[in-house]
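For reference, the structure is listed below as structure tokens.
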Amino acid sequence: MLDLFTIFTKGGIVLWCFRSTNQLFAPSVNALIKSERSGVYDHDGLSLQYKLDNEFELVFVVAFQKILQLSYIDKFLSDVHLEFRDRYKNDLRVDNRNYGDFEFTADFRRILERAEKWGRQQATMPKQMRSYEDSAKSKKTVASMIERKGEEKPPASKKSVKISEKKKVELADGDGVDSSSPKSSSNGPEPGDDLIMESRKKFAEKMMGKGGKGSKVEKQKSPKSPSQQQKSGKQMRVWDLGGNTKDLPNLDRSKDRPEDVKSDFTPNDQIIGSMRGGIQDLDVESDSEDYSEEDDDDEDEAYEAQRAKKQQSNRSGMFSMFKGLVGSKNLTLDDMQPALDKLRDHLIGKNVASDIAQKLCDSVAGKLEGKVIGTFDTIATTVKNTLNEALVQILSPKRRVDILRDCLEAKRVGRPFVMSFCGVNGVGKSTNLAKICFWLIENNLSVLIAACDTFRAGAVEQLRTHMRHLNALHPPEKHGGRNMVQLYEKGYGKDAAGIAMEAIRYANDSKIDVVLIDTAGRMQDNEPLMRALAKLIKVNEPDLVLFVGEALVGNEAVDQLVKFNQALADYSSSDRPHIIDGIVLTKFDTIDDKVGAAISMTYITGQPIVFVGTGQTYTDLKALNAKAVVHALMK
């Protein structure tokens, strides 16, 4: 049932290999190594899983068809790993490595048969109920369940509080009804009866006084005329600037008027020319001091001094609790577990999704388990450096992303470069599209904005306002009479895919360099809107599909990206669907050093963060600096 099982060194030397088919497995194994993800990894219809041996620098990889559900893979990998290293440990040592022929086929088949038999037994066994020791109730002590007089009870839940408040309101209403009836006086005396009786007496005297005055006034007034008696009821209020159907032509802003063509936007000459060339890197500010290698050295020296004086360290920091674990030994999972728990909580506190934080900790544990650390290396330094390397590798783009170069190449070929923006509602798609448009016209590239958000009220007018402001910053007089920004719109309620297709055709005929497609915001669970987005991308085949997400989200980022990618793949009806190519991370100026959303989004899609929005002006657009983000994340 296994297609491949191979054992090779970290240097790439294959020691032993088992293959049941003639399929080419090199691309799948290479993708598994580059991903460095723990657990099952899927690639081209195969499920792959690996296990590391850091002591002998070995990698054990197993591959099987994705459709199969094999429950014994983890046990099988561990058994093969132990059998192989115990049998050939003398040949695998660093000082006496002799890579000869490893006769491991018979042992491999024996272990495989044993693992398959174990898996069948586990499948037939009934599911056991959870024991009392595993329940939350067993963790409570007897003293915590005893109620004593004089002790304050714990605060009630929200539901009980609401019920008690409702009962209080009903009781208050009941008191009001009883006070108005004569039967209430027959009830037993209560502490507030005197006050109630006094209040009733004052109220009755007041009403009697008003009644006498009112009768005299009515006698003095003249009788109303019949016309006045017929007019009854409240008159309708007429609001200033309320408007009616006659004002609809004046309120319609779907088409430009002669007075609207002239923009009242005052261009800021200081920002013109500030974004020529590439995007500047992002500078992430952190409350802590700047990180450097000297800080780690100072911490280690301070620890040694405190250890010599036999004083307990009270230094704060993420890794201070395990500074004392040093020595030349193989790292085990038990040694690293306190560090990994602290690390996972820190990442979740910095807005990393909980599942992603757990997977990162598992990846660090897999890399370090069995690794020998020196006498002068602390577990703190080792774990921190390993995590830093993993985070920087996640944020570093796996492929080249140079939009300016791609735009110039498309211009040389004679076609427009097309970018499509998608995302949920309210993340800033139109605003960041305008920032990217300003960056492109700063580099002398003409832009056509396709208004494909035909649902949200005011979406077309927002893009039209941005177009006027951008043309005011770069007027046609400075570019040989050419309008650098144009808007292609067909109003509301139209098919977005058709508008995008017409816009691309118009840009091709008009020799416009770049087309930016603005789409409507949609939730990831809205199937009709996700089908419409998949149709737009499949029909028009944009060069770049950018997902716009905000940096404020945590676990929601994972759900959004997974479901957007899944919808684009499921609803495209194509063998090679076009999914998300890059990410635009917005509202980055509102999160301080809680930059975990960048890690979550990049880890899920494997795609780079192309732009980062840091404000509301056209120049608030940056490129992601992986080391700066990791530095802020680890502080």
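Any Cβ shown, glycine's included, is placed from N, Cα and C.
Copied over from TrEMBL:
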- 146-155: compositional bias 'Basic and acidic residues' (COMPBIAS)
- 162-171: compositional bias 'Basic and acidic residues' (COMPBIAS)
- 177-190: compositional bias 'Low complexity' (COMPBIAS)
- 197-208: compositional bias 'Basic and acidic residues' (COMPBIAS)
- 223-235: compositional bias 'Low complexity' (COMPBIAS)
- 249-263: compositional bias 'Basic and acidic residues' (COMPBIAS)
- 282-303: compositional bias 'Acidic residues' (COMPBIAS)
- 608-621: domain 'SRP54-type proteins GTP-binding' (DOMAIN)
- 122-314: region 'Disordered' (REGION)
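Within the same chain, residues 271, 274-275, 279, 282, 395, 397-399, 401, 403, 428, 431-432, 434-436, 438-439, 470, 473, 546, 582-589, 598, 601-602 sit at least 6 positions outside the domain 'SRP54-type proteins GTP-binding' (608-621) and bring their C-beta atoms closer than 8 Å to a C-beta of that stretch. Counted with DSSP, the compositional bias 'Basic and acidic residues' (197-208) comes out as 12 helix, 0 strand, 0 coil. A mean pLDDT of 91 is what the model gives for the domain 'SRP54-type proteins GTP-binding' (608-621).
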